[in-house]
Structures are given as structure tokens and as C-alpha cells.
Amino acid sequence: MSFVLCSLVFGGGVIVFMSRSPYFSALGLVLATCGLSGVLMLGGAVFVGLILFLMYLGGMLVVFAYSAALAADIYPEVGAGKGLVITLVGAAVLAMVVEVSWGVVEVKGLGVQEDLLGISGLYLDSWAGLLLGAFGLFVCLFVVLCLVRGVGRGALRAV
Amino acid sequence: MSKMNPLLYLFMLSTVILGTIIVFLSSHWFFIWLGLEINTLAFLPLLVASYNPRSTEAATKYFLIQALASALLLLGGLLHAATINSWDPSSPLTPLPLTLLLIAIALKMAIPPCHNWLPDVLQGLPLLTGLILSTWQKLAPFYILITIQESIPTWLIVTAGFFAALVGGWGGLNQTQIRKLLAFSSIAHIGWTIAIIPFSPQLATLNLIIYFTITSTLFLAFHTLHTLNLANLSNSTNFAPWLTTLTLITTLSLAGLPPLTGFLGKWLIIQELALNTNTPAILILVLGNLLSLFYYLRIAYVISLTLSPQHTTSTLAWRTSPSSSNFPLALLIILSTCTLLISPSWLPLTF
């Protein structure tokens with residue numbers, strides 16, 4: 001089980017950078033996030049894994065997919081040939097090596113859930129850090145809006 | 001072309017400063033990363049504020065390199081926390097997190113072998129934005145380097161230092177664009193600065209601040225003279241003779257020649273390395289500085305020691321404009337040329 005999840009993570013990453021269209025890269029991201037979320041859940045951090053599914057896949061990736069649908073080709077190119085298959089097999093081998101040598105996924109029971117302790121600590125003790133992170137994301141929003149504005153003031157289009 | 005909204009520019013500039021201050025004030029690896037990320041992200045609109053394709057290209061290169069560096073920094077901090085079970089930045093580092101952190105800092109500060117982005121990025125920016133990139137953006141990674149300096153093997157950082165001096169020297173030899181020249185001089189000076197960190201972090205801070213003063217002077221002087229390459233520099237004597245002469249002297253100060261302030265940093269570093277009987281390091285650093293001296297002397301030669309081919313009817317400008325005084329530039333010129341004699345007053349800056 002953990003081998004399947006690890007190879008999903010690595011294989012998803014491979015699909016992200018070897019695809020010829022952003023749609024399939026997003027598919028690779030979905031696979032990688034599913035695998036990583038499974039690894040987290042097996043390790044005992046159930047809440048964080050669910051948050052990953054909900055926020056990353058259900059929030060950010062959905063927005064990205066809609067943006068890609070607005071900007072990318074209507075009929076995307078499919079497939080990357082035998083290079084993709086070879087790299088996926090290599091990724092599966094790498095996942096097996098990582099899992100066997102590091103024992104990265106330890107299956108734990110649901111005794112004390114440390115992820116819930118951590119998240120409640122984020123809101124209780126390190127509230128300043130939470131606000132700082134929120135400010136950082138706010139700045140990131142303005143930076144992105146400033147960079148992709150277009151119509152003579154934008155930068156990434158340089159027109 | 002169109003200019004950026006001044007309020008937005010001010011907000012981004014304040015956030016750049018805030019990011020560095022967060023790095024200085026934090027005692028947790030995650031917040032060090034957060035401060036650096038805020039710093040990098042908020043700097044990007046400043047890079048594209050002059051909306052032309054060359055600045056866009058520079059901003060893209062800068063962002064890709066710095067995003068990689070931030071990711072490596074976060075990974076190093078997380079691995080360190082997983083190994084030592086402590087998020088304290090002053091706890092001793094094990095080799096793997098240390099390597100990741102050093103690569104991240106080298107990418108952020110343009111230390112060889114991670115230096116190639118700096119000349120291209122600096123070339124694409126206007127001089128004042130390049131000033132912020134060369135001075136303020138180096139403070140936060142330097143602070144992280146000082147924080148982890150007990151864990152860094154001495155041979156590694158001294159070797160990186162003299163490779164930086166050599167690369168800065170050889171790289172600048174063939175340049176005619178002022179901004180690329182200043183980029184390679186930045187690489188060389190950062191090399192001198194990090195070579196002394198294992199022996200005396202205070203001297204490293206002093207050298208960094210002296211370098212900031214002199215290079216700020218040069219950036220502002222070239223901005224005032226509106227010259228971007230050596231060919232334009234040859235003509236600047238005709239319309240700004242005093243500033244041209246002072247730029248000559250400041251360039252010699254950057255080269256580290258004795259009666260000027262730039263000599264203070266190099267002198268104290270050579271003395272500290274000699275007291276630690278590290279003579280090969282002194283030799284290679286000084287030879288690297290000799291290479292840099294060649295292109296500083298080329299600037300000096302072009303700027304006022306030779307008369308370039310020009311129209312015979314050009315005359316020296318005699319009008320003066322008393323209303324346009326440039327106080328920051330004047331102050332920086334004084335600080336970067338005349339303050340060797342009052343060296344003890346530089347010491348409080350080194351904590």
C-alpha cells in the first residue's frame with residue numbers, strides 16, 4: 001500500500017514535467033497529491049491529509065484548471081512517448097528504494113494526533129506567525145496581480 | 001512608458017524591508033524562510049516596475065533562482081528540525097541540512113558556483129533597482145550565514161570565498177557594460193566577506209557594510225551621470241567634471257587602494273587571516289583582487305585619465321545648477337573615500 005502511494009507521488013511528479021499540455025500536468029499534480037495525502041494519513045496525520053485534499057485539490061487546483069482552460073489550447077497534445085513510460089518505471093523503482101531504505105511510511109494508529117495539536121497550536125500560541133503567514137499570502141496576491149496585469153502595465157506579457 | 005503606481009511601489013518596497021526584518025527577528029527556521037519568501041515575492045514588482053521586456057526577463061530569471069533557493073532553505077530547515085527536534089537556528093547542524101542551507105545561501109547571495117544569474121539580472125534592471133538588489137537583498141542571507149557559521153567547515157567557506165574572488169576578477173575582465181562590471185565586483189567582494197566568516201564574523205559584517213557604502217555610491221553616481229557602459233562614461237567629463245573625478249576616486253576605493261575607505265576591509269581581513277596563519281587564502285584572495293583591480297583601473301582610465309575621440313568643438317560645461325543638489329550621493333561619496341582615517345567609527349556597525 002505504501003509502495004503504491006510512494007510511486008503515485010513520484011509518478012505524478014514525473015507526469016507534471018513531462019506532459020505537453022498543462023491539463024495533464026494538473027492531472028499529475030492530482031495523482032501526486034493523492035499519493036502524498038495517503039502517505040500522511042498512514043503516518044497518523046489524518047487531518048492534514050484531508051486538508052491537503054480539500055484545500056489543495058479542491059481549492060487551488062480547481063482554480064488552476066479553470067485558468068488553464070481559459071488560456072491553453074482547446075485540443076491539447078496527448079502523450080510523451082516511450083520516454084514517459086521509462087521515467088514512470090524509474091519513478092516506481094525510486095519509490096521502492098526510498099521506502100525500503102528510509103522506511104518513510106510508518107503505519108501508526110490514531111492515539112495522540114500530533115497534527116491536531118500542531119494546528120491548534122498554530123491558532124493558540126503562534127497566532128503572530130499565523131497573521132504573518134496570512135500577510136505573506138496577501139502580499140503574494142498583490143504581487144501576482146501586479147505581474148500579470150497586462151494592458152501596458154503587465155510584465156509577463158511584455159506588450 | 002507607463003510608471004508603476006507610487007503607492008503600490010511604496011507598499012512593495014516596505015514589504016521588502018519587512019521581509020528582511022522578519023529574518024533578523026526570528027528564532028525559528030520556518031519564520032526565517034517566511035521572511036525570505038516575503039522579501040523575494042515583494043521584490044518582484046520592483047524588478048518589473050520599468051515595464052520593458054528586458055526587465056521582465058531579469059525578473060523571471062531572478063524569481064526562478066530565488067524560488068529554488070527558498071525551497072532548498074525550507075527543506076534544509078525542515079530536515080534539521082526532523083533530525084535535531086529543534087527549530088532553533090543556533091543549534092548545530094548535521095551535514096545534510098547544512099549542505100542544503102549552504103546551497104540555498106549561495107544561490108541567494110551569488111556565491112560561486114551559483115553566481116551566473118547575477119550579471120544577467122543586474123544588466124536588465126535600471127541602476128536604482130540594481131542598487132536594492134546588490135545591497136539590501138544580500139542582508140538576509142548573510143544574516144543566516146552568520147547564524148549557522150559555527151557548523152560550517154572552515155575549509156569550505158574559505159574555498160568558496162577565494163573562488164568568488166577569482167570568478168569576480170576573471171568574469172569582469174571582458175565586460176564593457178557598467179552593470180555587469182558591478183555584478184562581478186559584487187561577487188568578488190562577497191567572496192572576501194565570506195572568507196573571513198569562520199575567523200571573525202564581525203569583520204565580515206564590517207566588510208559587507210563598507211562594500212554596501214561604496215557600491216551604493218557607484219550605483220548612484222552612474223545613475224546621476226546616466227551612463228550604462230564604458231563608452232558613455234568617456235564623455236561624462238564634459239558635462240559633470242566634478243562628479244566624474246569623484247567617481248574615479250570611488251572606483252579606486254572599491255578596488256581597495258590604500259588611502260581610501262575600501263582598503264579598510266581588505267586590510268583587516270588580510271590581517272585576520274595572517275594572524276590565523278592562513279597564508280594560501282591571503283595569496284589567492286589578493287591575486288583575485290588584482291584581477292578585479294584591472295577592470296577598476298579600466299574604468300578609471302576611461303573616465304578621466306584619457307581623452308576619448310570627440311568633436312573638437314566640445315567644451316567643458318561651466319554652468320552649475322545650485323538647485324539640484326544630490327545630498328545622498330554627496331554623503332556616500334564622503335563616506336566611501338575619506339573615512340579610512342576614522343576607522344574606529346566603523347566598528348560599532350559590526351555589533
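Just so it is clear, glycine is given a Cβ too, placed from its N, Cα and C backbone atoms.
Here's what TrEMBL has on this protein:
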- B:26-290: domain 'NADH:quinone oxidoreductase/Mrp antiporter transmembrane' (DOMAIN)
- B:293-344: domain 'NADH dehydrogenase subunit 2 C-terminal' (DOMAIN)
- B:7-25: transmembrane segment (TRANSMEM)
- B:31-51: transmembrane segment (TRANSMEM)
- B:63-84: transmembrane segment (TRANSMEM)
- B:96-118: transmembrane segment (TRANSMEM)
- B:125-146: transmembrane segment (TRANSMEM)
- B:152-174: transmembrane segment (TRANSMEM)
- B:181-200: transmembrane segment (TRANSMEM)
- B:206-228: transmembrane segment (TRANSMEM)
- B:240-261: transmembrane segment (TRANSMEM)
- B:281-307: transmembrane segment (TRANSMEM)
- B:327-347: transmembrane segment (TRANSMEM)
So which of B:7-25, B:96-118, B:181-200, B:240-261 is most in touch with the transmembrane segment (B:206-228), counting Cβ pairs under 8 Å?
B:240-261
Are the transmembrane segment (B:125-146) and the transmembrane segment (B:7-25) close enough that 3 or more Cβ pairs fall under 8 Å, when only pairs 6 or more apart in sequence count?
yes
Quickly jot the same-chain residues contacting the transmembrane segment (B:125-146) by Cβ under 8 Å, restricted to those at least six beyond its ends, or write none.
16-17, 19-20, 23-24, 32, 35-36, 39, 43, 46-47, 49-50, 55, 58, 62, 73, 89, 101, 104-105, 108-109, 152, 179, 182-183, 186, 190, 193-194, 197, 201, 204-205, 208, 212, 215-216, 219-220, 222-223, 228
Quickly jot the same-chain residues contacting the transmembrane segment (B:31-51) by Cβ under 8 Å, restricted to those at least six beyond its ends, or write none.
1-4, 8-9, 12-13, 15-16, 18-24, 58-59, 62-63, 66-67, 70, 73-74, 77, 89, 108, 125-126, 129, 132-133, 137, 140-141, 144
Grab the same-chain neighbours of the transmembrane segment (B:96-118) for me: Cβ-Cβ under 8 Å, and only residues 6 or more beyond its ends, written as numbers and ranges.
36, 61-62, 65-66, 68-70, 72-73, 75-77, 79-80, 83, 137-138, 140-142, 144-145, 148, 151-152, 156, 160, 163-164, 167, 183, 186-187, 190-191, 194
The domain 'NADH dehydrogenase subunit 2 C-terminal' (B:293-344) [mean pLDDT, rounded to integer]:
83
